[in-house]
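Annotated domain 'Fatty acid hydroxylase' per TrEMBL: 117-247, in sequence order. According to TrEMBL, the transmembrane segment annotation covers 169-190, 329-348. According to TrEMBL, the domain 'Alkylglycerol monooxygenase C-terminal' annotation covers 333-357.
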Amino acid sequence: MAETMDLGSVSRGFRAMFSMLSPNESSFEKVEDVPPYVQQATPFFVGLMVLELVLGTLKTGGSVVTISDGITSISAGMISRLPTLVMRGCELTAYMYVWDRFRLVELPWDSAWTWWFTFLGVDFCYYWVHRFAHEVSVLWASHQVHHSSEYYNLTTALRQSLTQQFTSWIFYMPLALVAPPAIFAVHIQLNLLYQFWIHTELINDLGPLEWIFNTPKHHRVHHGRNLYCIDKNYGGILIIWDRLFDTFALESDKVIYGLVYPIRTFEILRVQLHYYFYLWRKSKYYKKINNKLSTFFKGPSWKPGKPRLGDHSNNPKVTGKEVPHDPSWPLHLQVYVVVHFLLVLAVYHDVFERKMVRICHVKSRGFYAVFCSSTVTLKEGRALWPNNKSCHCYVFIPTCSLAMKTRLFQKHVKLLFNYIISGPTCTFYYRLLLEERDGGRDRGHEISSHSDSPLVFL
């Protein structure tokens, strides 16, 4: 009986990744009864990423993922979920507030019609969340995180923004007037999970499905910085919204991924926040208040005298020969960073699995920020602050000690103990890196001097 239940859970978890659950098995009366589909999907995330790595190596003869970019993407995903340790998601909280006070109709939670209506409603609202995130600069400041990778693989799907959730909830409020929160809670998760598997270059054409659904082929276009790719294919699960609202584009020329002006860094805090600083400094260049406000509320390419969305006439020309930012660094440092990352990933997973928030969330949140910043800075061969790696160790050790005291990390005590014993080597490795820095830094890290580039204002 237990084996049947386990197989059933695995089946549901896997089908949830492709939004293939039926109304009967995913309709709930109360929000508290809705499974945490995203949290439960972690094994499937890992399994599919490993599968992509193996198949990509066999198909191309090289890795489809780099350590630097992959860890940065996954770290961004980890950071984006930290607020849920201390509060319910903004989208669901706001949705329940509107439903409780302002609903116009109460559709039955156990009706298949309600389930399908909410499926379409969530996907339609997501289209506008996504479109506004590209067409309004202050919203783009958060969403650009997801587009900052110059690679396109399943780890890119996890490169999420810490701040986007604080504005995206607005677009779902009309749905809260009629659709029950529990059904919304199901579909907001399924919509997100579906978008994981479409971040790959290994799947080409899916035939007739391409007409209705968002697919890897369509979403590759969305992530491109080619002129024909910009501001196209916003759909979540369905591509029909793009076809209806004239934002659809077919994949044609080779897609070059990333931002129009690549940031060429793996520093996670810089990846998350750099565009906000750019907008602030850009607004200071204008004297008129309407131009200052337009900097934040018109398109990212807007300038005085241009249309609301600006134009792309000054974009760097895409030749198809662009090479992603991938600075060289020694093998022993790659091993060191991967070991650190796997350890923090294990702690992170247990924190969310056991919800030991009251005791450790403050220290753990601080640790994750330090870990991510120091690790990616280490990869680029420069210090974010003096003795960066020493600070990294000093934060890591007490955090993990706290985890053990709260029985949060019981399964990994031996591994953690070995890590703590090796703690004193951190400073040695960091100093060694600094000695090798000049020879290992990628020349492409120099800041662009183009007047439109966000990097000019940093």
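Cβ coordinates are placed from backbone N, Cα and C, and glycine is handled just like the others.
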For the domain 'Alkylglycerol monooxygenase C-terminal' (333-357), the DSSP residue counts stand at 23 helix, 0 strand, 2 coil
Helix, strand and coil residues within the domain 'Fatty acid hydroxylase' (117-247) as assigned by DSSP: 81 helix, 3 strand, 47 coil
Tell me, roughly as an integer, the mean pLDDT over the domain 'Alkylglycerol monooxygenase C-terminal' (333-357). 76
